[in-house]
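Undergrad: Have a look at the structure that comes next, please.
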Amino acid sequence: MFKGELSNSSRSSSETSNYFSDDTAFLPSGGADDSTFCGLKCAGRCHNCCFREKAYRARVVNLGHPSKTQHFPSNKINNQKYSILSFFPLVLFEQFSIFLNLIYLVLSCSQFIPDLRVGQLYTYWGPLGFVLCVTFIREAIDDIRRWLRDREVNQTSYSKIVRHGQVRVTSAEIKVGDLIHLDKNQRVPADMVLLWTSDRNGSCFIRTDQLDGETDWKLRHAIPPTHALVNLNGQPSVLFDMQAQVFAEAPRQNIHSFEGTFVRTDISPLGNVSVDAAEVSLNLDHTLWSNTVLATGGAIGLVVYTGEETRAVMNSNRVRTKMGKIDREINNITKLLFALVVLLAFVMVALKGFSGAWYKYWWRFMVLFSYIIPLALRVNMDLAKIVYAFMVVRDNDLPGCMVRNTTIPEELGRVSYLMSDKTGTLTQNEMIFKKLHLGTVAYAQDSMEEVTQGLRLHFDSQSNVTDGQGTRQMRRTGNERMAAAVLAVAVCHNVTPMSEDDSGLGTAPVDTKDPLELVDVTTNPVGYQASSPDEIALVTWTATIGVTLVYRDQHYMSLRLPNGTLMSFDILSMFPFSSESKRMGIIVRDRASKRITFYVKGADTVMATLVSYTDWLEDEAGNLAREGLRTLVVASRSLTDEQYEDFSQRYHTAKMALTERVEKMQAVVATLETGLEVLCLTGVEDKLQEGVRPTLEALRNAGIRVWMLTGDKLETAECIAKSSRLVARDMPVYTFQQVESRMDAHLELNAFRKRCDHALLITGSAMETCLRYYEHEFIELARQSPAVVVCRCSPTQKTQIVRFVRYHTKARVAAIGDGGNDVGMIQAADLGLGLEGKEGRQASLASDFSLTQFRHASRLLLVHGRNFYKNTAALALFVIHRGCIISVMQAVFSAVFYFVSVPLFPGFLLVGYATIFTMFPVFSLVLDKDVPDRIALTYPELYKTLQKGREITFKAFFIWLLISIYQGGVIMYGALLLFEDEFIHVVAITFTALLLTELLMVAITIRTWHLLMVLAEIISLAIYALSLVIMRDYFDPHFLRTVGFLWKVLAITAVSCIPIIILKLIHYKFRPSIYSKLK
């Protein structure tokens, strides 16, 4: 069967890859000649070779005997972007794939042609070389860091089991089929199937936070035959005497599932049933994925996947590259600047006259005006992003904040929509049991003592009953119903008890040498590991009322009852929770009464279809949800031995299936999920995080529309939305009715259109129906609503909402969440914010900015985001202004001197102007602040002005262009009016006035002075003063010491700057900005 599956897979892949090999696919109906036929065959083969995706295949791994015929990827990790040979070519290719960089390269290369040369080569190659050097250094540092990390992983030493003992191998040397021994806290080097653990029952815990971001420990189980064989023999090398194979599925990305089969073909001489098992169905519980860490004991694993076929590598695909809106705006402006260079060069040639080799003059003017193209702008912006990231990380008011994407910090200042998860984001994800409802009576926290007394009375009265007669009565007493409900909650879970290690090094499983031994919680505190905080909250609650989980392994569970006795169960089957089924189940056998019970718990919407009719479940579940509690329905069903045996055989057959295994297993379990008796309804509270209410209010006042996307039920979502002030107390709420058809959606949208000023409350399925038929209309109506709450929302629907809002509104959308189910929307948003919380680090690792609390989002957006956007816009416009003003001076100079195509300034001054003379003052603008932080937080309305994107627009660009034209003209014409006998004097006057003008413009733009800004101005002046003394070939030292030089420079600088200052003062007086009023 397995081989048949492989052949089917190969045949499918072949059919796909041979699409272009079909010789008739592209032939016209009239046929084709031989040359066409051969050409098509060649094209088909080329396509197959170049564009065919890698086909992964299932495999058979012999235990302890690596295959000599099958070839699998190396386990060597290689995350380097470049090699020694490809470094320079690839970096150069990436840089010159940028249009403006390519144009500047062409202009610089033209200077090797004598007829096109307009100055020294270093004049144009200097700035280009500077940009490339910065890029080379940055890329080299990043790649060296990747290489060092790879080498550290590849050189990690592991113990490999061989027939005569153990040998040490590096991670890079590990191959499929190797037996690897792992110690506690050791990283798993490849995907393995677990064969043996140091625990007597064959279980161990692993940490998966580096794989899926979840911080809870996962329980794994060794294959019973191999575990038993090693335990009986005492030596791992006995595995080489076992003739066995592992059939493993083809490599795939899904880290939450695995299908395989362990098959043994020999007969063990030890005569033990568990050792002689011929076939064992393998699933996720038997795996150790690469990059997880063994948390307890020791283990031996069989390597089944290596290198690029491991789950960790297959899930490390890069997410989409996010590009800031300001980057696109600047790109559009730079294209306009290039057009301006072309146009200006044509104008100069036209005025000169199209005679002779005019195209040479046009090209020379192109080179002269190339400083309009802001070659250094990209470098300045990249450096600014690094500074922004440093400022965020160093902010003491944002503890634990990390910048994981340094390419889009300016987007923090442009957010219009914030899509927020609820659990763990707005709430603490610290579950506290609040209420138990039995149908006829409910118990809240203030009545838990009554529950404790009732349990004690019940178990005392049943202490001598061994056949379970009391619990089999058709009509139970109040205490019996209470005991049955609490017992179900204490049994139906995936929680494992943990005790503090005496060494203080962490936690370790409760000692399993004597499972029946009572554990004194007061002297040996017990903690718990589980897949969710809800599970731990329920088991912790049962412990507080006297029913304590003291031991649990793969096959056995023990509870300590209020009277001090142990109640023990055999775990016959376990059905874990999944987001699809929204429930979990367990089948146990009471060791005392031999009674078999099937317990199930899950969401009320799912359980309502599985349980016997009750007239209270739906109403009470709604009441608990309106109190803001998370609800779970707990039910049970008694099974006879015959019923369980029949189920067990059918379930085992389904588990051994090689195709559609999961579907077949679910179908068998579904036969048990009928006629379930409701035992209780539980309510667990998830408290709001600190500062959520003022944060949401601040974001709302800042013009940011917050949408809450949650998987909880409608009533719970509405309650949290109101308690968090996402929906104001006096704000009416429109509950969107459930719709399933186009007509229903049309009618409901018409009804909502009349109440667009209401907060919108809608389920994920209803929203999906509306988006299917009325996508544009729904988004337009929803964006008019002051608040939107989407409940019963799946991870896929969260991602869809983010994409639809981005597409239809063209606004910047941010998403914030803390769990793995939020990763999709975080990556789909323009700006992803991840919280490190109880659900792990997966959302944090996938985000652009990682936070520890939701309340920190207000400071990140309103303070840092605002400053980053405004300063980036100012930096970009100043860099453009710096290039335009010197080009205007060049144009005036050429026009005055009969359109001569020679440079105004020597090469050294041209190179120094954009680098050492003005770089520091202009770059210091990234430190500017228009208002103090407290003002930005107190008046979030300041943020609204940024959402319109008016800081850097074509209007702002043309204003700065006019300023450049005015100042460049004043400086050049002023120097010509005050013309000296020596041209070198004109160069000194114009360049000094140009430099002072640039520094003065920076000074009048700065709104909050910083020490580094002052130093930048002083250092720039000092460097220029020093160059005046050193570079005697470019300046006349005697003229520089005259009064004439000083007053001419000051006069020209004053004329170029004073009108700009006056206009700023007039604007401040009659049309002051909002921030200037507050300041």
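Each Cβ is built from the backbone N, Cα and C atoms, and glycine gets one as well.
Annotations for this protein, taken from TrEMBL, read as follows:
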TRANSMEM  84-107  transmembrane segment
TRANSMEM  122-141  transmembrane segment
TRANSMEM  336-355  transmembrane segment
TRANSMEM  361-381  transmembrane segment
BINDING   ASP421, THR423, ASP818, ASP822  Mg(2+) binding site
BINDING   ASP421, LYS422, THR423, GLU535, PHE577, LYS601, ARG630, THR710, GLY711, ASP712, ARG792, LYS798, ASN821, ASP822  ATP binding site
DOMAIN    845-1073  domain 'P-type ATPase C-terminal'
TRANSMEM  874-899  transmembrane segment
TRANSMEM  905-927  transmembrane segment
TRANSMEM  957-977  transmembrane segment
TRANSMEM  983-1004  transmembrane segment
TRANSMEM  1011-1030  transmembrane segment
TRANSMEM  1045-1066  transmembrane segment
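Where in this structure would I find these features, and how exposed are they?
TA: A Cβ distance under 8 Å defines the sequence-distant neighbours of the transmembrane segment (84-107), meaning residues of its chain 6+ beyond its ends; these are 124, 128, 131-132, 135-136, 139-140, 143, 334-335, 338, 366-367, 370, 373-375, 378.
Residues 81-82, 87-88, 91-92, 95, 101, 104-105, 107-108, 111, 367, 370, 375-376, 378-379, 382, 903, 907, 910-911, 914-915 of the same chain lie 6 or more positions beyond the ends of the transmembrane segment (122-141) yet place their CB under 8 Å from a CB of it.
Residues of the same chain lying 6 or more positions beyond the ends of the transmembrane segment (361-381) and with a Cβ under 8 Å from any Cβ of it are 98, 100-101, 103-104, 107, 110-111, 116, 118, 124, 127-128, 130-131, 134-135, 327, 330, 334, 337-338, 340-342, 344-346, 348-349, 352, 872, 875-876, 879-880, 883-884, 886-887, 890-891, 894, 899, 901, 903, 910, 914-915, 919, 922-923.
DSSP gives THR423 (Mg(2+) binding site) a coil state; it is part of no helix or strand.
Less than 8 angstroms from the CB of ASP822 (Mg(2+) binding site) sit ASP421, THR425, PRO795, LYS798, ALA815, ILE816, GLY834, ALA843, each of them six or more residues away in the same chain.
Sequence-distant neighbours of the transmembrane segment (874-899) (same chain, 6+ residues past either end, Cβ-Cβ under 8 Å): 326, 330, 333, 337, 341, 344, 348-349, 351-352, 361, 365, 368-369, 371-374, 376-377, 380-381, 384, 905, 910, 913-914, 918, 922-923, 925-926, 928, 951-952, 956-957, 960-961, 963-965, 967-969, 971-973, 976, 990, 994, 997-998, 1001-1002, 1005.
Within its own chain, the transmembrane segment (905-927) has Cβ neighbours under 8 Å at 119-120, 122-123, 126-127, 130, 371, 375-376, 380, 383-384, 387-388, 871-872, 874-875, 878-879, 882-883, 886, 987, 990-991, 994-995, 998-999, 1002, 1005-1006, 1010, 1012-1013, 1016-1017, 1019-1020, 1023-1024, 1027, 1031, 1034, counting only residues six or more beyond its boundaries.
Counting same-chain residues at least six beyond the ends of the transmembrane segment (983-1004), those with a Cβ under 8 angstroms from any Cβ of the stretch are 878, 881-882, 885-886, 889, 904-906, 909, 913, 917-918, 921-922, 924-925, 967, 971-972, 974-976, 1017, 1020-1021, 1024, 1028, 1034-1036, 1039-1040, 1045, 1048-1049, 1052-1053, 1056-1057, 1060-1061, 1064.
With a threshold of 8 Å between CB atoms, the same-chain residues lying at least 6 positions outside the transmembrane segment (1045-1066) that come near it are 963, 966-967, 970-971, 974-975, 978, 985, 988-990, 992-993, 996-997, 1000-1001, 1004, 1039.
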Undergrad: In the structure shown, with every protein chain counted, which of the binding-site residues ASP421, ASP818 has the densest set of Cβ atoms within 10 angstroms of its Cβ?
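TA: The largest 10 Å Cβ neighbour count belongs to ASP818.
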Undergrad: Tell me, roughly as an integer, the mean pLDDT over the domain 'P-type ATPase C-terminal' (845-1073).
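TA: It averages 89.
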Undergrad: Within 10 Å of the Cβ of ASN821 (ATP binding site), how many other Cβ atoms are there?
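TA: So the Cβ neighbour count for ASN821 (ATP binding site) comes to 22.
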Undergrad: Go through the chain and flag residues at least 6 beyond the ends of the transmembrane segment (1011-1030) whose CB is under 8 A from any CB in it; none is fine as an answer.
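TA: Distal contacts: 912, 916-918, 920-921, 923-924, 927-928, 988, 992, 995, 999, 1002-1003, 1037, 1040.
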Undergrad: Going by DSSP, give the three-state secondary structure for ARG630 (ATP binding site).
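TA: The residue in question, ARG630 (ATP binding site), is strand (DSSP, three-state).
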Undergrad: What does the structure give for the C-alpha distance between GLY711 (ATP binding site) and THR423 (Mg(2+) binding site)? Integer Å is fine.
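TA: So the Cα of THR423 (Mg(2+) binding site) lies 9 Å away from that of GLY711 (ATP binding site).
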Undergrad: With Cβ-Cβ distance below 8 Å and at least 6 positions apart along the chain, what are the contacts of PHE577 (ATP binding site)? List them in sequence order.
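TA: Spatial neighbours, sequence-distant, of PHE577 (ATP binding site): ASN494, SER531, SER532, ARG583, MET584, GLY602.
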Undergrad: Can you give me the Cα-Cα distance between ASN821 (ATP binding site) and THR423 (Mg(2+) binding site) in Å, rounded to a whole number?
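TA: Checking the Cα atoms of ASN821 (ATP binding site) and THR423 (Mg(2+) binding site) gives a distance of 11 Å.
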